[in-house]
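> Here it is: the structure, laid out below.
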């Protein structure tokens, strides 16, 4: 359940940046390899925003599939966990590790 | 007039494009500098609960030729730190309560209490969990993921984030291999180019190679 710790980091960052303005929406970019579960993230976000300037804010999540460059077959594209579709685990991960705050809406 | 919530104030879109865990990463960078200034070799040990991390540390510390210290992470109890201290090596226990991982701030606080001798190997035994600890940089020099033969060959496929971040994968409980359905060759294949050491922390097979690996850190 690392989503709660992640949500607390998000709320801390957006509230600091918002100053004294209200936060209405937060957009996150979440890579498949971060093992962040969207439902748990939404639940944790609602808990973490309680009593803050972001209370009631909407959470948007942009999912980034895992992708990589395979050193065995040369494939560059979607991977499944650690594996290239060819079955090799000798893969440079090029996407899927993202865990970023993209933007927010304030007033 | 705001069309979204009717609050009467103009809404503004703010682009942040920042890492969620930027604060942890920042603290971890400070830890890394602090460790370097004291020549501390910091090893982050991660695994599921029950893979034998503490047993591996007990075996390691009884014969390890260099100075060492240990930070033990668990949700509750000081049982593991007590086991480590019984080997004669200083240890502090961090209890994370509801938390499922150690973070850079916890390690900073623990290392201040521990105050290891400069030049030590500092082992950080993370909370038993194959998901959350992978995301949190502690400032370590190397990440070791321990998996035991009783857990199943497919662990690297099920928890890719953890294994992708490993500098070394230790396959423990090799003494139990004849009794379980674990395919070491297939597990190695799933781990690709990652370095793998198979050993038995209780019986001692393969432990010399592990000690040699540690001494290169």
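Heads up, the Cβ atoms here are built off N, Cα and C, so glycines get one too.
Remember, it's a predicted structure, so these values are computed and weren't measured experimentally.
Annotation comment: TrEMBL describes A:2 as Ni(2+) binding site. Annotated Zn(2+) binding site per TrEMBL: A:70, A:73, A:84, A:86, in sequence order.
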> Among the binding-site residues (A:2, A:70, A:73, A:84, A:86), which are close to chain B, meaning C-beta separation under 8 angstroms?
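From A:2, A:70, A:73, A:84, A:86, the ones near chain B are A:2.
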> Within 10 Å of the Cβ of residue A:84 (Zn(2+) binding site), how many other Cβ atoms can you find? Include all protein chains, please.
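Here the count is 23.
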> Rank the binding-site residues A:70, A:73, A:86 by the number of other Cβ atoms within 10 Å of each Cβ and report the first-ranked residue.
A:70
> Inside 10 Å of the Cβ of the residue listed as 'Ni(2+) binding site', count up the other Cβ atoms and send me the figure.
25
